[in-house]
Amino acid sequence: MVIEFSKYHGLGNDFILIDNRHSAEPIVTPEQAIQICDRHFGIGGDGVIFALPGKEGTDYTMRIYNSDGSEPEMCGNGIRCLAKFIADLEGKSEVNKTYKIHTLAGVITPQMQANGYVKVDMGTPFLTAAEIPTTLSTAEDKVIAQPLEVAGKTWDVTCVSTGNPHCITFVENSDAIALEQIGTLFEHHPVFPQRINTEFIQVVKPDYMKMRVWERGAGITLACGTGACASVVAGVLNSKCDRFCTVELPGGCLQIEWSATNNRVYMTGAAQQVFQGKYSL
Ligand SMILES: N[C@H](CCC[C@H](N)C(=O)O)C(=O)O
């Protein structure tokens, strides 16, 4: 089977996007997604994203497979890429156009901005141990600055779900973290029954933080949108940052706001198409 695809990235977090509007199920299997994402034997990417028909009153449905074939609930950089992909498919790019996208994390609404960026209402964060999920605290308790032993060191971690699970720890120097060695130890730690995305945050000033990330199902990526949102929520919960914060990732910057008025998180950033092609499965 030959599939047509478009390659997009959000701050270097890169995805293969597939027009799946003619089928209610993804036309590529998780096993095929692993092959497609391989950077030597396939197209190369952090994941595969499908634009499926909308349901329950939404315009489209987003499904995504990580590069290890697992299916996460949501992807922040990915949904900005999807919004751009949809505008390209529909042959129009309307400033302030908002798409209603059905995801496994609920209905998410990306809005096209005049400067070409995309602003996304990411919904409300989930903070109890049961909602992450994690066994680090009792089910109905929040997980804020809790000790977690990883690689012979005790880390103070705060857990936030943005539809997908995140573990955030604040460090003096995010560049000094040996992500290659410890990222997978966090991801597969037994206190995270659905694995975890882990963010290492250096707060430069109250409205500016640096972030590095080890993603569940993808490893080290250049950016993580849901992770940036979760990190600002964790920063506010730990009184380390403002509710409106710039997050600098290796691939670029995102503007994140955790609204004090409606408890929703907003993410604004770029998303770009880099090439299109056909791939033989
Ligand atoms: N690897 C993540 C999904 C992609 C999230 C990230 N790429 C983003 O931009 O939010 C997970 O399994 O939860």
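Cβ coordinates come from backbone N, Cα and C, glycine included.
For reference, TrEMBL has these:
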- C75: active site (ACT_SITE)
- C75: active site, proton donor (ACT_SITE)
- C224: active site, proton acceptor (ACT_SITE)
- N13, N66, G76, N77, N164, N197, E215, R216, G225, T226: substrate binding site (BINDING)
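Annotated features, which come from TrEMBL, shown on the structure.
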| residue | record | DSSP (3 states) |
| --- | --- | --- |
| N13 | substrate binding site | strand |
| C75 | active site | coil |
| N164 | substrate binding site | coil |
| E215 | substrate binding site | strand |
| C224 | active site, proton acceptor | coil |
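Apart from N13, N66, G76, N77, N164, N197, E215, R216, G225, T226, the substrate site neighbourhood in this chain, defined by C-beta within 8 angstroms of the site C-beta centre, holds P72, M74, C75, G78, V213, A218, T221, C224, G227. Between the listed active-site residues, namely C75, C224, the fewest other CB atoms within 10 angstroms of a CB are found at C75.
A sphere of 10 angstroms centred on the C-beta of N164 (substrate binding site) encloses 26 other C-beta atoms. When other Cβ atoms within 10 Å of the Cβ of G76 (substrate binding site) are tallied across all protein chains shown, the result is 30. Using a 10 Å Cβ-Cβ cutoff, G225 (substrate binding site) registers 28 neighbours. Spatial neighbours are here defined as Cα atoms within 10 angstroms of one another, and by that definition the neighbours of C224 (active site, proton acceptor) among the recorded positions N13, C75, G76, N164, E215 are N13, C75, G76, E215. A separation of roughly 7 Å, to the nearest angstrom, links the Cα atoms of G225 (substrate binding site) and C75 (active site). A straight line from the CA of N13 (substrate binding site) to the CA of the residue listed as 'active site' spans 10 Å. Neighbour list (E215 (substrate binding site), Cβ cut-off 8 Å, at least 6 residues apart, same chain): D46, N66, N197, T221, C224, G227. Residues N13, N66, G76, N77, N164, N197, E215, R216, G225, T226, recorded as contacting substrate, have a largest CA-CA distance of 16 Å. Cα of N164 (substrate binding site) to Cα of C75 (active site): a distance of 8 Å.
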